[in-house]
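Feature annotations, courtesy of TrEMBL:
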DOMAIN    5-94  domain 'CS'
TRANSMEM  149-170  transmembrane segment
TRANSMEM  190-207  transmembrane segment
TRANSMEM  214-232  transmembrane segment
TRANSMEM  244-264  transmembrane segment
TRANSMEM  285-304  transmembrane segment
TRANSMEM  324-343  transmembrane segment
């Protein structure tokens, strides 16, 4: 059972515009702090000089103050900041001339009037210098136009891949495994559109419109377009294979989180669940997508060998033919190197956005 209320030790300091009160109470619970008729009323349960107890005090300020104090509770103490109604220097804190016994100067924050004026002057000079520096930086007249373009680009891509994902999911539930075999003929037009538009991601990085590194963007866009346009688009035998379903499905799921994340980032909005999904879902999906692309390449090699499509015959006297299927075998190695490059890039981004924050050493 708590004992009678007691007064805690309170230390104070001031600046021209603010008053600082430091209440020596630890483990504070249920603080009740209010300023009524220029009098600060304080009451709280905490551990002070007399142990765990209810501590309270009142201070009638020398001059008018704002009625809304700012309170910050730490494990060892409670800090109160009070705004003065007028910016001036007080000769004392309380209206009564005799200082209360529980009140003492806070020498850690104590400044005399000249030091406080110097501090205020330094802050004003710092603010003026910051404004001068900002005024020297040329403003981009096309800033809003660029932002609008990036928002629209990411929105269009999000809608396109959403259509692909929803369409494939609905057909999977209705048709089951039968939907695997005509995925290309149903989805290809929209995938062509989205992947052609994705070339703008390389352009955006080249001209500095976005801060994304160029190499990962080139690896992903050209890698996907090679699979889509060269391997699947040119071989009818590949278009009815089940691997097409998995390639398109993995691509679309990844983009369902990537494009809305970038779209919101363009307008300065961060939604933490979306950030987590954007930098987490790729961990299983990206290797699975790379594996599906590799299976697609392996299945296409015999077809390119048999048809001789895209093979290059050199003129006499060499009389040598470079089989496109041989180039695909080399590309297969490059595919896994590309997966490694992008995986490493995305892992660094994940650590940057979701990694543990470094704690400052006191």
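Backbone N, Cα and C define each Cβ position, glycine as well.
Below 8 A, the CB atoms of the transmembrane segment (285-304) and the transmembrane segment (214-232) form 3+ pairs separated by six or more positions in the chain. Against the transmembrane segment (324-343), the recorded stretches 149-170, 190-207, 214-232, 244-264 differ in Cβ pairs under 8 Å, and the greatest number is found for 214-232. DSSP places the residues of the domain 'CS' (5-94) in helix, strand and coil in these numbers: 0 helix, 57 strand, 33 coil.
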